[in-house]
Amino acid sequence: MSETTNDNYGASSIKVLKGLDAVRKRPGMYIGDTDDGTGLHHMVFEVVDNAIDEALAGHCSDIIVTIHDDNSVSVQDDGGGIPVDIHPEEGVSAAEVIMTVLHAGGKFDDNSYKVSGGLHGVGVSVVNALSDKLQLTIRRQGHVHEQFYHLGEPQSPLTVIGETEATGTTVRFWPSSDIFAITTFDYKILAKRLRELSFLNSGVSIRLIDKRDGSEDHFHYEGGIQAFVEYLNKNKNPIHPKPFYFTAEKDGIGVEVALQWNDGVNENVYCFTNNIPQRDGGTHLAGFRGALTRSLNSYMENEGMLKKEKVATSGDDAREGLVAIISVKVPDPKFSSQTKDKLVSSEVKSAVESAMNEKMQEYLLENPADAKIIVNQIIMAARAREAARKAREMTRRKGALDIAGLPGKLADCQEKDPALSELYLVEGDSAGGSAKVGRDRKTQAILPLKGKILNVEKARFDKMLSSQEVGTLITALGCGIGRDEYNPDKLRYHHIIIMTDADVDGSHIRTLLLTFFYRQMPELIERGYVYIAQPPLYKVKKGKQERYIKDADEMEQYELTLALDGAELHISTNAPAMNALVFEKLVAEYNSVQKLIGRLNRHYPAPVLQGLIYQSPISIEMMKEESAVENWGKSFVEQLTAKETEAHQYSVRTQFNAERQVYEAVITVRKHGIDTDYFLNFDFVHGNEYAKIVSLNKQLNGLLEEGAYVIRGEKVQPVRSFEQAVEWLVKESRKGLEVQRYKGLGEMNADQLWETTMDPNSRRMLKVSIKDAVAADQLFTTLMGDEVEPRREFIELNALRANLDV
């Protein structure tokens, strides 16, 4: 645990290690890979680590991470706020020193922070150096201070912009597209790490908000890694009530372990060093496994169980159904690479091994009832392993395969290089037939799967092996299965493509196959070998013309193109037609804003958002005058009331934002006698979404005059608004349009299947990846496990998001 030893954390506590140019020259050394997204997300974690350090020192309890609509990220904490006084050596504010000098911060001054969670990091200055723009907001000593930076250079001194009683720091940054190949943040990657941090730092509240699509999570767990294990076992059946937990220190190394067995067959062990996850384990995992096997074996030996049961157990049996977290605190850890995926510090193995051995033996002796349950499960696992071995031998002896050693249903390809070979797993024999005819025989193999394959989430290993469809699949893949025989390097195809129908059964079969790969061959997903084919959703016919359409977005685009084909907009009775390109661009922008309104609908009612398109814009400058905001609000409410068709009543008032020194409009909507307030606050008016609405507003305002009309073909339609013009054109274009929704692959002939789904030059595929292993594990357990209640909750929670095709 961190402790603060000096309350005077100010400018003089900040220790400086200089040199920021090196960061821009070799960003990969400081932040990780700038091409594959790891460095980009590390930027967020670097800022979050600073807030976590504040929390560990007892200064902060709430951290809010927001992905904004413009792909910037802000990290806000309610800590003490970065010091704003002038630094004695540097002559500028301490905040500016922290933001512009490499490795500057209170973590290097032993009196301010005794233990630092973010010490492995490189400081927020690196984030600043690699951002096109960074906005720093500090709430401290009654004032709000703000400063902007560009690629690490301050654009102005730290300035007081408002007053506040709150304290804390907000860092918002826009990563530089010149440095990062990808600048789009992935919600799942951030959620995975923030969830880990909230468990590893018990009691810290971390909120993650995605303004792009409204996703939101709140990670707040008391109970540390013990709670983490309980969370991982949620929706599973733990076989003993309370997780085994201990914390110890050996030779200056802190060891913390929590574990609990469930009645499943999968092992889930997560390792951390100084809060950093090791995907590939390392010396702490080796020490843990060695001690676990040894202490359990010695217990079973002493109790005479192995003799009585006549069974030989292995370490793998002991880890069946095991969920464990190993967290070590090491003063100077050594990793196998820059990514810190594997710990190689040799002293950690003996520290973990001796602590684990001692505590596990104590636990087994002090909890005989739990020990008996655990040991019985291990003995059952050993028996199942033996049964599976016999089943495999039996299969070999029976010669269930054809002469080539491959299943008869498999139509193999000629190519022998796995990197160039593709295996299509096709639902049903009819689609399998079309695929076999339509494929490229050189590189594409087809394996039709009949009916639904076994749900491996619920089945024991020996039952799984006796399933015909699973057996066929394992043989075709060629990489074996089970701990003794599985070798992903022997895989015969590096593109395994799941191709199922676009109906409920197809989705179920796809989920069953994904469950199989995730539980039995996770390396194939990790190596990027598993794909999902994306056959077209629609076939549209207009007259004699036919075309395939991939998804709803493309359908919308197609309808728009059709609507504008030969269409003309005349803005008044005698005006010539608007330029076709200008009209098309305006319609595209209008549609983009309509989608934006759909997204914002969770926060503001649609009539208010639609009204903003036609209301003269409000600016930050206007918001400095209360009377200007009042007048704007009155005019807006009049416009809303005039358009009102439902029983809604609107009113407006203003509120003062002391932090920003501006007046904000508050729109009150009364519906069925209930008042709801909607705040058009500084952040909204200053944000990207409102900027897009204003841009459209400027183009539409006063565009149509008296007598405006739209023409399409022979038809003429008078219109009063641009919205009316677009709606009429789309409605007209749909006349005579036949839309066929594809549900089965068998509905396409071989040529159509090749052209739309299998031709490498034109097909679209989704690559299956696991960005958040914990969330993936939870989802597979919820959807495919034994427990019905969590599945019902999941359906109730997500029912409204389902896209029904009735």
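Placed from the backbone N, Cα and C atoms, the Cβ positions cover glycine too.
According to Swiss-Prot, the protein has these features:
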BINDING   E427, D501  Mg(2+) 1 binding site
BINDING   D501, D503  Mg(2+) 2 binding site
DOMAIN    421-536  domain 'Toprim'
SITE      K452  site 'Interaction with DNA'
SITE      N455  site 'Interaction with DNA'
### Task
Any same-chain residues 6+ apart from D503 (Mg(2+) 2 binding site) with CB under 8 Å of its CB? Would you list them in sequence order, or say none?
K743, G744
### Query
In the domain 'Toprim' (421-536), how many residues does DSSP call helix, how many strand, and how many coil?
55 helix, 21 strand, 40 coil
### Task
Could you round the CA separation between D501 (Mg(2+) 1 binding site) and N455 (site 'Interaction with DNA') to a whole angstrom and send it over?
19
### Message
For the C-alpha pair, I'd like the distance in angstrom between N455 (site 'Interaction with DNA') and E427 (Mg(2+) 1 binding site), rounded off.
### Response
16
### Task
Between E427 (Mg(2+) 1 binding site) and K452 (site 'Interaction with DNA'), find the distance joining the two CA atoms and give it rounded to the nearest Å.
9
#### Entry: Candidate with the highest Cβ count within 10 Å, taken from the binding-site residues E427, D501
E427
### Query
Including all protein chains displayed, how many Cβ atoms other than that of K452 (site 'Interaction with DNA') lie within 10 Å of its Cβ?
14
## Note on the structure
Cβ atoms other than its own within 10 Å of the Cβ of N455 (site 'Interaction with DNA'), all chains, total 17
